[in-house]
């Protein structure tokens with residue numbers, strides 16, 4: 001069935017494949033199918049010129065397509081890798097990075113380097129030196145869903161300025 005369709009379409013079969021892949025790129029974005037689709041369209045263009053040639057068999061066409069698709073995907077990857085754009089919202093979709101500098105208190109003590117805090121309406125796993133529950137902490141770094149905290153400077157200053165209490 002497919003063989004009959006390819007024979008009936010002739011060199012246009014590559015064009016059809018190319019446009020199907022371009023449509024797939026629109027439906028499933030990822031900037032991958034566009035390069036393979038471009039390779040199929042390029043083979044279609046060559047097929048229009050050499051369809052009746054003895055040497056332009058379906059095996060040669062397929063090998064040429066495979067090589068061209070591979071090269072196009074490599075070039076496309078290089079092109080897209082260099083397209084990181086500066087944005088006016090660098091923290092967008094990076095919520096944890098926007099929490100750096102915020103101060104809160106520990107909801108669960110940090111034991112063995114792990115604890116929890118609550119910021120806004122979310123509980124976050126934190127890493128830092130061991131501290132008891134209720135200690136004021138400041139977020140100093142964020143990686144994925146884990147925040148790094150240290151004892152809040154304000155809390156340290158308050159503890160140092162408080163007079164020492166003696167037992168009677």
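Residue positions begin at 1 at the first shown residue.
Keep in mind that glycine also has a Cβ here, set from the backbone N, Cα and C atoms.
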* Out of 55-75, 76-96, which range is noted as transmembrane segment by TrEMBL? -> 55-75
* Structure fact -> In TrEMBL, of the candidate ranges 115-141, 142-168, the one given as region 'Disordered' runs 142-168
* Structure fact -> Per the Cβ under 8 Å criterion, with at least 6 residues separating them from its ends, the transmembrane segment (12-43) contacts 5-6, 61, 64-65, 68-69, 71-73, 75-76, 80
* To do: Pop the mean pLDDT for the domain 'NfeD-like C-terminal' (98-151) in here, whole number is fine.
  => 91
* To do: Go ahead and report the DSSP secondary structure tallies for the domain 'NfeD-like C-terminal' (98-151): helix first, then strand, then coil.
  => 2 helix, 36 strand, 16 coil
